[in-house]
Amino acid sequence: MASIFTRASARRGISSIQARPFSRALVRQKSALSPPYLLDDYLPKYQLLTSIQESKKRSEAYAHLSNCNLCPRLCGVNRFQKRGTCLIGSDVVVNTIAPHFGEEPCLQGHHGSGSVFFSGCNLRCVFCQNHDIAHQKNGFSLSPEELGEWFMKLQQVGNVHNINLVTPEHVVPQVVLSILHAKDLGLRVPIVYNTSSFDSLASIELLEGLVDIYLADFKVWNPATSKRLLKADNYADVAMESIKAMHNQVGDLSFTSDGLAKKGVLLRHLVMPGHEEEGKHIVRWLAENVSKDLYVHVMEQYHPRAHVGQKRRTTAGRARDVAEGTVEPGAQPADGEAKKAVRYEDINRAVKMDEVHSVKAAAEKAGLWRFCEPAEQAGFHL
Ligand code: SF4
């Protein structure tokens, strides 16, 4: 357990608490699994809603579906009749529903995180690691009630530790309705909202009392970068507001004694090649404006995907990109030498370990101290 034991002392069965002299850092290490981060027991927040609160949530969800301004794209469409930027109507489109073992150890545990991968997205990240799911509408349609029934299958058949809603920013009303339906059916595991943080405050407010864990990304810092790579120049401003609102709702990440996360914010930052300075801005902002006790996962698994490294598009291909919202601003159709070049060449490589380490070092220097370590082969740890 990286937060409590050094690797060497863990092998010897000696905690770092015994091995090191008393210090402020030591008190903090010890408190990672002590109150207030250690819970005796945990009841998911949706279990505490009264029937009046549930009815209010339901009517708000339907109102948002009828005039959708629920994410920062502000389409204003009636989703029972029309689709906005996210391309999804009043039903959700789901690509995969299954216990997932690729999440943080404190979420996947031994039985997996009950993941629901939604198709569609309100961002257009050119490097999207789930491109085949998020940028296309591959999958099957489900009503909110059918989705709630799948949550029950994950709980009953998969014995999962939580319900993990992956890329849900554009289907928040349907998610609200599905959680309430599943509550009536007997759902009792925590809800994880696994988001890019391109959420509106109205959306986070609608989720209050329903979500236990916000698994939130903070992707890039500069507007020029987010405009070019995410197709949203206001990404960082939106993410800052959303993450603060999420943290106000559920606080820092807390665990039960089995090592499973039950409530709070788990913040992810995927270090991008050549963009480590933006990562440093992000971790400093988090420490200064959200919480120095924030549980942070500095991720190193970036790989070129989606549009990165593809051949430059011809005029016809570019027209398709414009329609999909994934064209480089100001880019010209490829001709001659340009056809040989690849798109987004600057991020067409894996991230280097020194880039990752520099972001982690900046995070520590800023005062952050609760970091997620990768899962070990057998079992899981904090
Ligand atoms: S959720 Fe979809 S329809 Fe609603 S504002 Fe966002 S992109 Fe537009």
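Each Cβ is built from the backbone N, Cα and C atoms, and glycine gets one as well.
Per TrEMBL, the features are:
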| type | residues | note |
| --- | --- | --- |
| BINDING | Cys121, Cys125, Cys128 | [4Fe-4S] cluster binding site |
| COMPBIAS | 306-315 | compositional bias 'Basic residues' |
| DOMAIN | 116-275 | domain 'Radical SAM core' |
| REGION | 306-339 | region 'Disordered' |
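The Cβ neighbour count for Cys121 ([4Fe-4S] cluster binding site), using a 10 Å radius over every protein chain in view, is 25.
In sequence order, Leu123, Arg124, Phe127, Asn130, His131, Ala134, His135, Thr167, Ser196, Leu230, Ala306 are the same-chain residues whose CB sits within 8 A of the CB centroid of Cys121, Cys125, Cys128, the residues recorded for [4Fe-4S] cluster being left out. In the structure shown, the C-beta of Cys125 has more C-beta neighbours within 10 angstroms than that of any other entry among the binding-site residues Cys125, Cys128.
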